[in-house]
């Protein structure tokens, strides 16, 4: 990078940023300007650069209107095409929660009737917040921290808090990939190791499902253990009997974890240049696998019974508040809301990208995938119930499909790719937020790659705690407290208040109009200002009332230090929002009224819109 101060030939110096010694500003030189007049890049003055770090991104010639965004885009990178953005977002939001959690919630909460609260939350919270975050990223071309700094500095803590959540989730979510890799490698065998009781880790109580079907002894039934359960507890985890006993590291799982982190690193190490290419495979191949599993499942005997069980409505369940809570929680989890990932991905879009249409299509794709995945899962459950001669609600843990090894490989490969997408896109959003906070430092040389490597190494070392013999206890602490529904709801409430009442729902709406060229559904701005915060506050209060401390397997209580660690996970992210507000007010000069005015005023270098020009006049 070349930065130099020289005496100007015109009335004042100019600024440009050049890569590899070339002045990028020459490409935007006004017609008639002698190119030989400038052989390097220039800055206006040391004082301006000192007080305005963003100033270095401005073009060398102030007469040129398209100054700020073009140079910033070159420095940050940009999606090569809209398809890359769509696939990256789809990879982030469509994960394990769609394939397994949504069908389970349907089964748990009244079958087809669960779609009613789900759709209500989708249109009052899901789509509005999804559009808000994506549009903010596209409008500001910034990650989740500097985005809020430019929109409303008082709420910059939202960015810091959300990235703490991303860091926690990246640390523990990848453990699922390690387990999936272990199962995938175990599938390459003559007989699936969890299909029988003829293995060294099985106990005397191990009973295969065909033997269990013919068993009449009640005490035998109560003590029986399936080969699936024993493979999980005794072969994969070798789980200890106490929370206080972590045991030793499971080296096979540790190697699987290392493999997962290596894959994630190389998916992200070049920023969107690498991420945008990887998602062509990682985001599409799971759909191929899901389609194959769906077709195979529908052809199995008993599949229709499973699908009927999946969709059969129980209207009485609508009166249960927990059903509505589960629907809202599923929307926030499956749409990756309020953790900054959508903002980061949207920031690599072109300014005039139709983010509104993209958001609607992506939301429909997400929910549609969840719905279709239910058919694939419950068709197989119907087959399992048919094979065992029992009702689906009491189906045992296993039954073998024909060509079981092949379907096992396909299934776990799909799980790995779904999880890998969510993991490395979340990691990309974290790196985007960090890089945008200090682009001068991180965009020079290999600093970004080295910092990413440091994050991966630290997270891997922490993750080793979760691949010990007692690691599942730590994993559940991460899962229950670090990314809890209450944390996400608090961020959603703060986001809605910031945009609806400080920055202005009308202003963001006009920003979107300026970007896409037409007016989206006006319901969006009413949701940002009124409906979404009310729904989120109501859901948060209900979850607070219903909150119960974590118990392992719903039976074993954690020691005091376990709950202390859990609450640290929760408070270390959520408290950053009010703590930043206090710090910002104290650090800003002037009277209290002047401080609040400065902290609630958007940055002056945001893109011009008709609305802002009208306000200026």
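Our numbering is plain: 1 for the first residue shown, then up by one each step along the chain.
Yeah, the Cβs are placed from backbone N, Cα and C, and that goes for glycine too.
What you see is a predicted model, and the numbers here were worked out from it, not measured in a lab.
As recorded in TrEMBL:
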- 91, 98, 334, 366, 418, 421, 422: Na(+) binding site (BINDING)
- 197-206: disulfide bond (DISULFID)
- 83-100: transmembrane segment (TRANSMEM)
- 112-131: transmembrane segment (TRANSMEM)
- 165-185: transmembrane segment (TRANSMEM)
- 251-272: transmembrane segment (TRANSMEM)
- 284-311: transmembrane segment (TRANSMEM)
- 331-348: transmembrane segment (TRANSMEM)
- 360-386: transmembrane segment (TRANSMEM)
- 406-430: transmembrane segment (TRANSMEM)
- 450-475: transmembrane segment (TRANSMEM)
- 487-505: transmembrane segment (TRANSMEM)
- 526-545: transmembrane segment (TRANSMEM)
- 565-586: transmembrane segment (TRANSMEM)
Those residues of the chain, 6+ apart, with a Cβ under 8 Å from that of residue 334 (Na(+) binding site): 93, 94, 95, 97, 98, 101, 102, 366, 370
Positions whose Cβ lies under 8 angstroms from the transmembrane segment (406-430), at least six residues beyond its ends: 88-89, 91-96, 98-99, 143-144, 163, 166-167, 169-170, 173-174, 176-177, 180-181, 183-184, 187-188, 192, 260, 263-264, 267-268, 271-272, 275, 278-279, 281-283, 285-286, 289-290, 292-293, 296, 336, 339-341, 343-345, 452, 455-456
Cβ neighbour count within 10 Å of residue 98 (Na(+) binding site): 25
Range from 112-131, 251-272, 284-311, 331-348, 526-545 with the greatest count of C-beta pairs under 8 A to the transmembrane segment (83-100): 331-348
Number of other Cβ atoms within 10 Å of the Cβ of residue 418 (Na(+) binding site) across all protein chains: 29
Beyond the flanks of the transmembrane segment (450-475) by at least 6 residues, Cβ under 8 Å: 167, 170-172, 174-175, 178, 237-240, 242-243, 245-250, 253-254, 257-258, 261, 264-265, 268-269, 427, 430-431, 434, 442, 552, 558, 562
Remote residues contacting the transmembrane segment (526-545) - C-beta distance under 8 A, at least 6 residues beyond either end: 121, 124-125, 128-129, 132, 321, 324-325, 328, 485-486, 489-490, 492-493, 496-497, 499-501, 505, 508
Other residues, Cβ within 8 Å of 91, 98, 334, 366, 418, 421, 422 Cβ centroid (Na(+) site): 90, 92, 93, 94, 95, 96, 97, 369
Per Cβ pairs under 8 Å, the stretch of 165-185, 331-348, 487-505, 565-586 packing most closely against the transmembrane segment (112-131): 331-348
Surrounding residues of the transmembrane segment (360-386) on its own chain - C-beta under 8 Å, 6+ positions past either end: 86, 89-90, 93-94, 97-100, 102-103, 106-107, 118, 122, 126-127, 130, 287, 290, 293-294, 297-298, 300-307, 309-310, 334-335, 392, 395-396, 398-399, 401
